[in-house]
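Here is the structure we will look at.
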Amino acid sequence: TMCQSEARRGPELRAAKWLHFPQLALRRRLGQLSCMSKPALKLRSWPLTVLYYLLPLGALRPLSRVGWRPVSRVALYKSVPTRLLSRAWGRLNQVELPHWLRRPVYSLYIWTFGVNMKEAAVEDLHHYRNLSEFFRRKLKPQARPVCGLHSVISPSDGKILNFGQVKNCEVEQVKGVTYSLESFLGPRTPSEDLPFPPATPHSSFRSQLVTREGNELYHCVIYLAPGDYHCFHSPTDWTVSHRRHFPGSLMSVNPGMARWIKELFCHNERVVLTGDWKHGFFSLTAVGATNVGSIRIYFDRDLHTNSPRYSKGSYNDFSFVTHANKEGIPMRKGEHLGEFNLGSTIVLIFEAPKDFNFRLQAGQKIRFGEALGSL
């Protein structure tokens, strides 16, 4: 009986012996890793993590026996140098293409992302010297009529990811996945130039933004795909008084990634423009993404995005309210405001009366100039 049990366990014992030396080696290697600094540890454990997700789990079971655990998929993605890749992509976009190569390159892009070149101000593909010029192409004057009947229009082409009232200081980036309003816009700064009412003790961040009694705070998230028109415009008549730039990560902001990573918009680089309109507080935020070489605001020449170095969680404030210009920057509905070098996301957060109604459905396609909502 003992001999039979040993015979049955023979293959397992042989496998254990076969794994004995690799396990010792792994223990020794993991011991070395544990003594490293965090950046070095991340770098050295990367190959094991990649293997963990590429190979069947059973093949790497010995790793778990010696105490190694894989980095999560989210952490693995966050460790990808997306800012470096985006800067490289931005420089590649500036390279002038030979005249004979322009049509095949742009035609491939048009076919891949479904670009409608009949709307472009210049349809001749040879006119665009590089990819950057092609991405930032202008439209024909009548291609996007601005709706005059509704108080808020779409600032860009794109897809509606989410919209509605802001509740409990949390905003939905997609259905069921939220981010903190204060983390997204940044903490309130005690400055007279900022369009915030005086703070009261124990008041919520949301209540600090609502300037008028009886009003509510609303939000709308618009995703710009790579094939969309890349410029964005003023969604209403308002005055921009302040800019806050968060130099963060540049992760993808497509809807699938937005469902996967909580507070994705708070991690990514973004430019927050705040001010006021006829109903109170109004803000437009341009969120950067992977391969977005830069975010440009036409009236802000001091803004430089996707810089090589930045401190995590830092931000830079700039006021447009000065002694020479006490009114800030007035913007008319539909006026050119800025551009991305590739698709990204626009987030509107604004104050309006309780009877404000969105005329949207989640997931619908929308074009610049079409109505978002009205009273």
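Don't overthink the numbers, they just go from 1 along the chain as shown.
Each Cβ is built from the backbone N, Cα and C atoms, and glycine gets one as well.
According to TrEMBL, the features are:
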type     : residues : note
ACT_SITE : Ser344   : active site, schiff-base intermediate with substrate
MOD_RES  : Ser344   : pyruvic acid (Ser)
TOPO_DOM : 1-47     : topological domain 'Mitochondrial matrix'
TOPO_DOM : 67-375   : topological domain 'Mitochondrial intermembrane'
Legend entry - Segment-level pLDDT (mean, integer) for the topological domain 'Mitochondrial matrix' (1-47): 47
Legend entry - Number of Cβ atoms other than its own within 10 Å, given for the residue listed as 'active site, schiff-base intermediate with substrate': 30
